[in-house]
Number of protein chains: 2
Amino acid sequence: MNFLEERIVKDGVVKKGNVLKVDSFLNHQMDIELFDKMGEEFKRRFANENINKIVTIEASGIGIACIVARHFGVPVVFAKKSQSINIDGDVYIAEVESFTHKCKNQVIVSKKFLSADDHVLLIDDFLANGYALQGLISIVQQAGGTVEGIGIAIEKGFQYGGRTIRNLGYHLESLAIVDGMDPETGEVIFREQ
Amino acid sequence: MNFLEERIVKDGVVKKGNVLKVDSFLNHQMDIELFDKMGEEFKRRFANENINKIVTIEASGIGIACIVARHFGVPVVFAKKSQSINIDGDVYIAEVESFTHKCKNQVIVSKKFLSADDHVLLIDDFLANGYALQGLISIVQQAGGTVEGIGIAIEKGFQYGGRTIRNLGYHLESLAIVDGMDPETGEVIFREQ
């Protein structure tokens, strides 16, 4: 088990409905030392990619993306989930369904901050059905940029998001892939990587 | 001028209605090196405070809070803006009005992540009327914790939020206090600190 899998076993909580709660260290309270290790590991896994920008989606992707960005020496752009009066009209938009909130969001990035010159590493905390990620990929493509890699903290391997993204040929690295969970025993089964 | 004021003059855009757009480096695209300098500066300004947790509010506070947290060696908790099915019922709640979105939000922190043992540094990108900050203060108080300090990137000095917070006796440090803006010339007037 790697450092993230160990942490999930120690502090993750399995709930009914395939919910894995990691809010004590990943997406409500955030362990910055852990994020730093994740940054180190992503830098190792994407050592051969030429990356000049990290793109993520609000809210829980932002903290990880910022700490990871230190290891790449690049800025972060976060996609916003609803139209704001502080965003100019000139934006890239993708429609995204949320597994957590059971609703549709528009995901928005200002055209000022993504262009054909951008070689992007996408970062997010979770990958399940992959809708959020597909929205981010769509936005980078609208800009004419290149998705050089995708770094995920926790992938739910029993949902189809990761498989779809890999089938499309993207270089996807998930630090922990959960293939099964048992809400009775709390057991989490990780995929061998 | 300090490093943040210089950056605001260089890359900030003054719009009508007292809007200062800093989305190229602060709250849409994020300059991680700049955030690192902000972390260094907050560490200097709060050197005498005993801080064991940073609390911020989604979304644009999270990136700054995470990079600042590295300088304090503490975890970050971010307050969420609406009830999510992934948050347990046991939460602290405050009502917050948003200047940007002209609506009311509930700001929520799980009771698991704030307690009477917590000595909190609040971090946010903007302080204008102070409603978001008042919500965060209320939540730390509900937990019985102590607000040891408040670190803000940009304070709009011509709105009353900062004055109110200082009158209440909090140790508030804003890296840039904007006392006036001219949308015609683009000029930004900073308060001497």
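Including glycine, each Cβ sits where the backbone N, Cα and C put it.
Annotated features in TrEMBL:
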BINDING   B:Leu20, B:Asn27, B:Lys156  xanthine binding site
DOMAIN    B:45-150  domain 'Phosphoribosyltransferase'
BINDING   B:Ala128, B:Asn129, B:Gly130, B:Tyr131, B:Ala132  5-phospho-alpha-D-ribose 1-diphosphate binding site
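Feature map: annotations from TrEMBL on the structure.
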residue: B:Leu20; record: xanthine binding site; DSSP class: strand
residue: B:Asn27; record: xanthine binding site; DSSP class: coil
residue: B:Ala128; record: 5-phospho-alpha-D-ribose 1-diphosphate binding site; DSSP class: coil
residue: B:Lys156; record: xanthine binding site; DSSP class: strand
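Proximity to chain A, defined as a C-beta distance under 8 Å, is registered for none of the binding-site residues B:Leu20, B:Ala128, B:Asn129.
Fewest Cβ neighbours within 10 Å among the binding-site residues B:Asn27, B:Asn129: that distinction goes to B:Asn129. Shown in sequence order, B:Gly12, B:Val19, B:Lys21, B:Val22, B:Leu26, B:Asp125, B:Phe126, B:Ala128, B:Ile154, B:Val178 are the same-chain residues outside B:Leu20, B:Asn27, B:Lys156 whose Cβ sits within 8 Å of the Cβ centre of the xanthine site. Cα separation, B:Asn129 (5-phospho-alpha-D-ribose 1-diphosphate binding site) to B:Lys156 (xanthine binding site), rounded: 8 Å. Take B:Leu20, B:Asn27, B:Lys156, the residues named in the record as contacts for xanthine: the widest Cα to Cα gap among them comes to 16 Å. In the predicted model, residues of the domain 'Phosphoribosyltransferase' (B:45-150) average a pLDDT of 91. The Cβ of B:Leu20 (xanthine binding site) lies under 8 Å from the Cβ of B:Ile8, B:Gly12, B:Val13, B:Val14, B:Ile154, B:Lys156, B:Val178, B:Met181, B:Val188, each on the same chain and at least six residues away in sequence.
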